[in-house]
Amino acid sequence: MHEITRGGQSADCQLDLHFPTSVPELQNLVSVLKLYHDEHFSYLITLFSMAYVYKQTFAIPGSALMNILGGALLGVWVALPVVCILAAVGASCCYLLSSISLSHLLIHCEKERVNKLRDRIRGNDSSLFLFLLSLRIFPGTSNWFLNMASPVADVPLHLFFFSVLLGLAPYNAVCVVAGASVSQLRSVSDLWSANSVATLVVLAVIAYTASRLMQPYRCTISAASKKKRS
């Protein structure tokens, strides 16, 4: 919970800001923050960025609402690259937090899921980036779990970062575009038409298929490289 004082008004006039948990709360927040857009844009984008990374770092639900908020405040063409970068930074912070202090707890609570993910990572190690990309694009992926389990499953941080940056871009785009007409939005479920879900599924299938097709090619190159060295 944050409180900020209206510029040019008394300190008694304060705004109570909190993470929105519903579309009506989001719409109210947008109407308030737009008052600060012109005169305090740098402060506004800093506050938005810190809140976004905080939510991602600690795996707090509500990324869709934050994406919509970004689209409403910043416009589609500014908000989309901003939220993609923030999502990748926040997810990487969650990755690092998990690797430092939460890995043992995660293994204890989700041992079967962690082992399954580790096996799939090892099975796709020759085309790992495309495999991770397909997981991020697919709308049914549990992103909070993937963020926390990736260090345990030995996913390299650089591949993790760029798979989030690019893989969540289609999902982020759907939310950001909705933010441009946030006043007409009734619920988050309105974002997901059959066409948008089908598009994400098709993109995920393409990325996964590409990862499978490239795997034997990568293995052949790797084997040839080892022979040259020997």
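Residue positions begin at 1 at the first shown residue.
A Cβ is built for glycine as well, from the same backbone N, Cα and C atoms used for every other residue.
TrEMBL labels come from automatic prediction, so no person has curated them.
Because the structure is a prediction, the values reported are computed rather than measured.
According to TrEMBL, the domain 'VTT' annotation covers 60-180. Each residue in the domain 'VTT' (60-180) gets a DSSP state, and the totals come to 101 helix, 0 strand, 20 coil.
Marked as transmembrane segment by TrEMBL: 58-79 (among others). Remote same-chain residues near the transmembrane segment (58-79) are listed as 19-21, 23, 26, 29-30, 33-34, 37, 44-45, 48, 51-52, 87, 94, 97, 143-144, 147-148, 172, 175-180, 182, 185, 188, 191 (criterion: CB distance under 8 Å, separation of at least six residues from the stretch ends).
What TrEMBL records for 85-107 (among others) is transmembrane segment. Counting same-chain residues at least six beyond the ends of the transmembrane segment (85-107), those with a Cβ under 8 angstroms from any Cβ of the stretch are 49, 52-59, 63, 114, 143-144, 147-152, 157, 160-162, 164-165, 168, 172.
According to TrEMBL, the feature transmembrane segment maps to 128-146 (among others).
If you look up TrEMBL, you'll see 158-179 (among others) marked as transmembrane segment.
Within the chain carrying the transmembrane segment (191-210), a Cβ under 8 angstroms from the stretch's Cβ atoms is held by residues 64, 127, 130-131, 133-135, 137-139, 167, 170-171, 174-175, 178, 185, all 6 or more beyond its ends. Per TrEMBL, transmembrane segment is recorded for 191-210 (among others).
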